[in-house]
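These come from Swiss-Prot:
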type	residues	note
DOMAIN	10-133	domain 'RNase III'
BINDING	GLU46, ASP119, GLU122	Mg(2+) binding site
ACT_SITE	ASP50	active site
ACT_SITE	GLU122	active site
DOMAIN	161-230	domain 'DRBM'
Amino acid sequence: MTKHQFKLSDPRLLSRIGYQFKQPELLQLALTHRSVSHKYNYERLEFLGDSLLGMIIANYLYHAYPHENEGRLTRMRATLVRQEALGKIATDLQLSRCLILSTGELKSGGHHRESILADTVEAIIGAIYLDSSDLNLLKDIVLKWYTPYLDHIEPTDQLKDPKSRLQEYLQARKKPLPVYEVVDIQGDAPHQHFKVECLVDGLSKIHGEGSSRRFAEQAAAAEILKLLEQ
């Protein structure tokens, strides 16, 4: 039995996901990073899963918060589907030990990279849908993953993204706005990894990383907010 076959047949993994695949090759595809194969990888499943996740979360929020306006519902959805939230879901599902990566990607810490983990969660969502053809079943599975986070989310301004919150924090105190600068880009488009430096008056430079400049800037802003709010 190969390592990948063991992962796919591991009842603990399937139990954490909450679904038994009829076509286990779909799960294997959902766990396979582009570094292993340019053709056989999770990217198409991720594309499908991203749309399905957005719809499932939007539908949940629409019914759970009947009196909230479109703006707040949009911010709540963004909070629940962003990379950071998906990274937490991946940690709950213990996906890092199950990723199928190239040796180089593994050595560089790819199995702990939040962007890869988030992409994998979306790919698994796409795989479950293709395997089951059952949107209601998929909805139940995804919302079960999200239960710890749905129980605590509130339609408040704190649901704004870190860059918006940091800007408002500084504006309220009449301080200069943050300056963001890309200091490193690895890989080729559209599969690049960005490192951004954020400078806020009175603080040391803080770095953030992500699969896009926007994600990297958000990560840096989140770290600065942690320092400012201590």
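Backbone N, Cα and C atoms are what each Cβ position is placed from, and that goes for glycine too.
Around GLU122 (Mg(2+) binding site), the same-chain residues at least 6 positions away in sequence with a Cβ under 8 Å from its Cβ are LEU45, GLU46, GLY49, ASP50, LEU53, LEU86. Neighbour count (other Cβ atoms within 10 Å of the Cβ, all protein chains): 20 for GLU46 (Mg(2+) binding site). Looking just at the domain 'DRBM' (161-230), the mean pLDDT is 87. The DSSP breakdown of the domain 'RNase III' (10-133), given as helix, strand and coil counts, is 89 helix, 2 strand, 33 coil. In this view, ASP119 (Mg(2+) binding site) is surrounded by 26 other Cβ atoms within 10 Å of its Cβ, with every protein chain counted. Neighbours of the Mg(2+) site: apart from GLU46, ASP119, GLU122, residues of the same chain with C-beta atoms within 8 angstroms of the site's C-beta centroid are TYR42, GLU43, LEU45, PHE47, GLY49, ASP50, ALA118, THR120, VAL121, ALA123, GLY126. The Cβ neighbour count for ASP50 (active site), using a 10 Å radius over every protein chain in view, is 19.
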